[in-house]
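This report concerns only the one structure given below.
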Amino acid sequence: MSNRMSQSLNEEDPQIAEAIANEERRQHEGLELIASENFVSEAVLQAAGSVFTNKYAEGYPGKRYYGGCEYADVVENLARDRAKELFGAEHANVQPHSGSSANMEAYGAILQPGDTILGLNLAHGGHLTHGHPLNFSGKTYKIVPYGVTKETETIDYDELEKLALEHHPKVIVGGGSAYPRIFDFKRMREIADKAGALFMVDMAHFAGLVAGGAHPSPVPHAHVVTTTTHKTLRGPRAGMILSKQEFAAAIDKVTFPGMQGGPLVHIIAAKAVCFKEAMEPSFKDYANQVVANAKVLAQSLADQGFRIISGGTDTHLMLIDVFAAGMLGSEAEKALGEAGITVNKNAIPFDTNPPMKPSGVRIGTPALTTRGMKEPEMRQVGIWIAESLRHRTDPDFLGRVRRQVHELCDAYPLYPERRATRLATV
């Protein structure tokens, strides 16, 4: 073996090593409140960085196009079986590389180009892959969006039913990326049946809450369910499709060879690990704490005078109308970043501002909950957010908040053994 094959990352590529070290430091020292982000376990990290990254395994367990796949088969079978057990699904395909890939492949299995999709408007909390005109979904299929009411900022199911009966979509899609309330899966399935449509749910954001029993499951109601495996599920950045058995063959065929070649076996291994972790009793505690933390944080911000979209949250995320407080979402994101608090700017329902300068910010609690923070910390975080936004043009004030944030993060260390090893080698 050449010397290069045994060199450490520091030796081979100090620039990348430094970037990784800096990112590790950033994650440790700041409050991660982006709703789609989380911290995986050391076990998930190890699986994702394993020698399975070397292995090609086109096909499915027992039906590969390459030799030497016996252990890849073990990994994928474990991932599939655990996913089915965890979510009570009849079929699981764990090969999608991302949530967007999973949606593309699910559509490919149940739709033809030009078919109609009824999906939640992106501006009302949906996702790009649910029909945005710049996305493949909007370019490939006819899109009819449904939305929320101005009064409650929650889904208007009467309008949804009216649209379904008028347009007769091939599929109705539930789920989104910035909707803080629980979808009424039972009613959506009833509407789909009445309109002669299939019902698909994208549970990427709340899959971990479903796994932990803190959120209703769409699996009994939907024909097809897609998800990411990160976010609240706390696994690697990837995707998955669950379905009724009648759609299994079509989904598998579209995924491979239809849209993907070799699966990422190292990531599938990490998925299997995260599914096992999600079956443990402690994960139920985690999922329920995520929701409890979100409710307390939303209330803390409301107490500080900020308007919470729909009046609160039932999930891990909330949308804050910062435009009503005199600023753009982009300004709020920047100010909070300087205070050591990471959020993302986000459009709110009926937003009249452009996407890069929207009226809101999206906030979520999965990552802070993973660190062990609970209700008292959420109240304090809400105060820091509010004060930082009020003093957003005062760098000295934001610096003081950042130091307080750093102290709190030190009390809830992230990957302590990893940090100790790194510090010992400096």
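Using the three backbone atoms N, Cα and C, a Cβ is placed for every residue, glycine included.
DSSP assigns Leu128 ((6S)-5,6,7,8-tetrahydrofolate binding site) to a helix. Swiss-Prot lists Leu122, Gly126, His127, Leu128 with the feature (6S)-5,6,7,8-tetrahydrofolate binding site.
According to Swiss-Prot, the site 'Plays an important role in substrate specificity' annotation covers His230. In the three-state DSSP reading, His230 (site 'Plays an important role in substrate specificity') counts as coil.
Taking all protein chains in view, 28 other C-beta atoms sit within 10 angstroms of the C-beta of Lys231 (N6-(pyridoxal phosphate)lysine). The feature N6-(pyridoxal phosphate)lysine is assigned by Swiss-Prot to Lys231, with sequence analysis given as support.
Listed binding-site residues: Leu122, Leu128; maximum Cβ neighbour count within 10 Å falls on Leu122. The candidate set comprises the recorded positions His127, His230. Of these, His230 has the most other Cβ atoms within 10 Å.
Within the same chain, the residues at least 6 positions away from Gly126 ((6S)-5,6,7,8-tetrahydrofolate binding site) whose Cβ sits under 8 Å from its Cβ are Gly119, Leu120, Pro145, Gly176, Ser177, Tyr179, listed in sequence order. Apart from the site residues Leu122, Gly126, His127, Leu128, the chain places the Cβ of Gly119, Leu120, Asn121, Thr129, His130, Gly131, His132, Asn135, Gly176, Ser177 no farther than 8 Å from the centroid of the site's Cβ atoms, the recorded (6S)-5,6,7,8-tetrahydrofolate location. For Leu128 ((6S)-5,6,7,8-tetrahydrofolate binding site) paired with Lys231 (N6-(pyridoxal phosphate)lysine), the C-alpha to C-alpha distance reads 17 Å.
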